[in-house]
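What follows is a short report on a single structure.
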Amino acid sequence: MNAIWIAVAAVSLLALAFGAILGYASRRFAVEDDPVVEKIDEILPQSQCGQCGYPGCRPYAEAISCNGEKINRCAPGGEAVMLKIAELLNVEPQPLDGEAQELTPARMVAVIDENNCIGCTKCIQACPVDAIVGATRAMHTVMSDLCTGCNLCVDPCPTHCISLQPVAETPDSWKWDLNTIPVRIIPVEHHA
């Protein structure tokens, strides 16, 4: 019985020693992240869609901060994100790059024609936000609440059963453009 307690104590002491060494090393050799990259990454929409030409939002933020990449390449974020980044970096706003120049693009969502889906899982592997569910050789479907409309699942599909369709506007999804609605003050009469 003493041998078991000695072994437990030895392993515990080793774990404590290695933990202390790793803790010291993580603080001693820590690499400071660029605070500008952190702030830009917080502004970006985190859709990880790759439409900017980078594999995700963090690499795009690093390219903006370190390599002087254009600030206008985030299609999902649109003009609002570009303006926030321009303000943060104190640079001139730029017109949106490429297809993102539409002022109010309709939100798109991937739709799978489930009758033609062969269950190859290529779309699941391509989706950066895990919005597609299904199993091998079984029907797949898209969870529209999670889909960012990034278009990355369309090309890998061998049966071409995936398409992007605009999301229908409902009272729940309607966004009022309060800057274009004419507003006037109506005087109120007080009656005694």
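Every residue number used here counts from 1 along the chain in the order it is shown.
For all residues, glycine too, the Cβ spot is worked out from N, Cα and C.
Per Swiss-Prot, [4Fe-4S] cluster 1 binding site is recorded for CYS49, CYS52, CYS57, CYS74, and the stated evidence type is sequence analysis. Within the same chain, residues at least six positions away from CYS57 ([4Fe-4S] cluster 1 binding site) with a Cβ under 8 Å of its Cβ are ASP41, LEU44, PRO45, GLN46, SER47, GLN48, CYS74.
Annotation source Swiss-Prot lists [4Fe-4S] cluster 2 binding site at CYS117, CYS120, CYS123, CYS157, citing sequence analysis. There are 16 other Cβ atoms within 10 Å of the Cβ belonging to CYS120 ([4Fe-4S] cluster 2 binding site). Classification of CYS120 ([4Fe-4S] cluster 2 binding site) by DSSP places it in coil, neither helical nor stranded.
Within the same chain, the residues at least 6 positions away from CYS147 ([4Fe-4S] cluster 3 binding site) whose Cβ sits under 8 Å from its Cβ are VAL109, ALA110, VAL129, ALA131, listed in sequence order. The secondary structure of CYS147 ([4Fe-4S] cluster 3 binding site), as reduced to three states from DSSP, is coil rather than helix or strand. The annotation [4Fe-4S] cluster 3 binding site is assigned in Swiss-Prot to CYS127, CYS147, CYS150, CYS153.
What Swiss-Prot lists as domain '4Fe-4S' is 32-91.
Nonlocal intrachain contacts for the domain '4Fe-4S ferredoxin-type 1' (108-137), taken as residues 6+ away from its ends with a CB within less than 8 angstroms of a stretch CB, comprise 47-50, 56, 143-144, 146-167. What Swiss-Prot records for 108-137 is domain '4Fe-4S ferredoxin-type 1'.
Marked as region 'Hydrophobic' by Swiss-Prot: 1-26. For the region 'Hydrophobic' (1-26), the list of distant contacts is empty: no same-chain residue at least six beyond its ends comes Cβ to Cβ under 8 Å.
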Based on Cα distances to CYS157 ([4Fe-4S] cluster 2 binding site), point out the closest of the binding-site residues CYS49, CYS52, CYS127, CYS150. CYS127
Cβ-Cβ distance under 8 Å to CYS127 ([4Fe-4S] cluster 3 binding site), same chain, at least six residues away: LEU152, CYS153
Around the Cβ of CYS157 ([4Fe-4S] cluster 2 binding site), how many other Cβ atoms lie within 10 Å? Please give the count over every shown protein chain. 21
Rounding to whole Å, the Cα atoms of CYS117 ([4Fe-4S] cluster 2 binding site) and CYS150 ([4Fe-4S] cluster 3 binding site) are apart by 20
Neighbours of the [4Fe-4S] cluster 2 site CYS117, CYS120, CYS123, CYS157: Cβ within 8 Å of the Cβ centroid, same chain, sequence order. ILE112, ILE118, GLY119, THR121, LYS122, ILE124, HIS140, CYS153, PRO156, PRO158, THR159, CYS161, ILE162
